[in-house]
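S.K.: Mind looking over this structure? Questions follow.
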Amino acid sequence: MNAPSTMTDKKPEVEHLQGENPPKDTYSAEDTATAILRKKRKPNSLVVDDATNDDNSVITLSSNTMETLQLFRGDTVVVKGKRRKDTVLIVLTDEEMEDGVARINRVVRNNLRVRLGDIVTINPCPDIKYAERISVLPLADTVEGLTGSLFDVYLKPYFVEAYRPIRKGDLFVVRGSMRQVEFKVVDVAPDEFGIVSQDTIIHWEGEPINREDEESSLAEVGYDDIGGCRRQMAQIRELVELPLRHPQLFKSIGIKPPRGILMYGPPGTGKTLMARAVANETGAFFFLINGPEIMSKMAGESESNLRKAFEEAEKNSPAIIFIDEIDSIAPKREKTNGEVERRVVSQLLTLMDGMKARSNVVVMAATNRPNSIDPALRRFGRFDREVDVGIPDPTGRLEILRIHTKNMKLADDVDLEQIAAETHGYVGSDLASLCSEAAMQQIREKMDMIDLDEDEIDAEVLDSLGVTMDNFRFALGSSNPSALRETVVEVPNVRWEDIGGLEEVKRELRETVQMPVMYAEKFLRFGVTPSKGVLFFGPPGTGKTLLAKAIANECSANFISVKGPELLSMWFGESESNVRDIFDKARAAAPCVVFLDELDSIAKARGASAGDSGGGDRVVNQLLTEMDGVNSKKNVFVIGATNRPDQIDPALMRPGRLDQLIYVPLPDEEARFSILQTQLRHTPVAEDVDLRAVAKATHGFSGADLEFVVQRAVKLAIKDSIEEDIKRENETGEAPADDVVMDEDASVSQVQRHHVEEAMKMARRSVSDAEVRRYEAYAHQLLTSRGLTGFQFDSADSNTNGPSFGNDGADDLYA
């Protein structure tokens, strides 16, 4: 019972619950949605700290805390931890402790499923009785090779020397004769907990318990094992925990509690994990139905299996029935050919309707294809609520990483926030795989110190293991989001410095793609959605594809490269479906850059091709609708590249779709010099090679043409170097290896002038002057047809209007 004085210590927000109406602005919509997650801090909620003594029956508090809780030294209390676990302990006091803290040892913490820093709740337990009979069994690995009586050496001294309350299911450790033995309380009579007295009968004989069996229950999933879906967890707890634990809430307000919840979302986001956590934390009976398992070839058996599952759950209420992969047993009836599936769907409908209103059974189902489920199941009264368990944001990913690394030994340089920021599109299972791969990489690095033939690995080696940031970097390089496994998704390794010239184009790209990803809050503050599309056009070989790769790398976005023709299919409707799939995957892995290369092959002006069945037009229509539907909340950028801009459907190039039209011209002399430097930055070049002269002589060459010149020159240098080595080897006979190293300078080790001159003889332009003129005319036409170049606001002292667009108003159709 709490002291009366503490009632005034409650926070104002808790008091609102007792008043008539809380102030309207107390909670935001987000707060209301996650209200169930807010723990109301009570005086008897204490923070766990490590015990200074190692007694399994003791909890130590400060004298102020004991006074607040009206407890005395030696009182017996019930301590509640996580996952509905509790135990009974004796209270001791320590003057030096701070208030609001409870000290318990490791064994008690394991029994309560809590860690240091977690919260436990303490309540007095004045009516605890003496136990008549208890049954304890040792854990097998702690009694191996032990001789003598367990009772005389361990149990008798443990219980005779002290006043010990115990609870059924708890573990306790006893020290004696140079070793410690761990026991489990298998049974306590007459109650679940009691105090062991002189008259208590102790049964201790029996088969020792395997630690694996014990630890499987320790590894049960709880709410603290789930990260990245705070809002969804709140929804599920509202709909499941409240009806199961407090059905009277619904009764008193006069509504029926929810019957079912459908969770949907990509694979690996934690749908099944959530259902298990809710079952463990509510203490409900958990009945798992894997979709395909209940199907049977015998007539009527599939429906019978379903009926049995529901009957079993009602007998063991409160219960949760969890149907995994529900789309396999409840597909749309009009689309299934099999009679069995139809009957199973009908049976599921009648069972969910037939559940008694307050039978304390909740049905949960999970799928990653919600639209293939029969619509009759998705109405109120069956699956009342649908919870979208989506891909986590950076904060969610950080939560998940912390959960997966809480038992890992991490080096000091590991920055989990940085990893969370870089893992766009990763779901919980991907992050678990990432942590596991990083740990494996650390083990691989230490392989030379590990002797696999030895039974025991040296303790020093085990202590030296620690996962570093480099291990995580390696794991990041070798993994990608599971949503994009079937699409070739890569964060390319092209950087801005790999692209020579094009400074103006790079600046525009940074503004369009990099800024919305890196400064999203600025766009929110100004109340605009950033543009989502860019079209590069220009002659072949000017670096359009390279630019798209570089921008995806610079803002750490995922990159999906789609070659135009590979979207087209001979089957009716397949091409549009391919376009849809690409955009769905991009939205799932946002921020993502979708790069449509050779856009003119799939987005030709509609109506131009009279011969086909309209397949090309349908693809264009699908592209248009997808680009309008690139959700403003998702950072999906579409970059198109073409060297035939006049053939692309004009509807694609309006503002709101591919609104940034960027002309990538042939490089000028300065840009050509920059490209040559970029191409040769890792190549040894003789000092007398004048790249300026090469840049001057290659007027009209594209970046690809210059790359050909460089490759040709390097190839000639390598050829000369090999010939020089062979010649020298023939002259000196079998020269020893160190002589070869000494004479290295004598061989051709650089690209020299004559190599470049020879390469220039083979050089050729890939773009003719006529083509360049055509591109420039098109770019000029776009520039002049689009801009109100003369517009200015009226100045304060002037009454004249600014220059109008076109001629005076007489010719204006809308005047």
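Just so it is clear, glycine is given a Cβ too, placed from its N, Cα and C backbone atoms.
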S.K.: Given that Swiss-Prot lists Pro267, Gly268, Thr269, Gly270, Lys271, Thr272, Leu273, His404 as binding ATP 1, which residue among Asn316, Asn368, Asn371 does it place in the same site?
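M.R.: When Swiss-Prot describes the ATP 1 site, the candidate it includes is Asn368.
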S.K.: Give me the CA-CA distance between His404 (ATP 1 binding site) and Thr542 (ATP 2 binding site), in Å, as a whole number.
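M.R.: About 46 Å separate the Cα atoms of these two residues.
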S.K.: Under 8 Å Cβ to Cβ from Gly543 (ATP 2 binding site), same chain, six or more residues apart: give me those in sequence order, or none if nothing qualifies.
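M.R.: Within the chain, Gly543 (ATP 2 binding site) has Cβ neighbours under 8 Å at Ile499, Leu502, Val664, Gly703.
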S.K.: Specify the secondary structure state of Thr542 (ATP 2 binding site) as given by DSSP, simplified to three classes.
M.R.: coil
S.K.: Please classify the secondary structure at Thr269 (ATP 1 binding site) using three-state DSSP.
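M.R.: The three-state answer is coil.
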S.K.: Any same-chain residues 6+ apart from Leu546 (ATP 2 binding site) with CB under 8 Å of its CB? Would you list them in sequence order, or say none?
M.R.: Val494, Asp498, Ile499, Gly703
S.K.: For His404 (ATP 1 binding site), what is the secondary structure by DSSP, using just helix, strand and coil?
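M.R.: His404 (ATP 1 binding site) sits in a helix per DSSP.
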S.K.: Which site among Lys271, His404 has the most other CB atoms no more than 10 Å from its CB, taking these as binding-site residues?
M.R.: Lys271
S.K.: Quick check on the binding-site residues: of Pro267, Gly541, whose CB has the lowest count of neighbouring CB atoms inside 10 Å?
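M.R.: Per-residue Cβ counts within 10 Å for the binding-site residues Pro267, Gly541 bottom out at Pro267.
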S.K.: Give me the Cα-Cα distance between Gly541 (ATP 2 binding site) and Pro267 (ATP 1 binding site), rounded to a whole Å.
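M.R.: That separation, Cα to Cα, works out to 40 Å.
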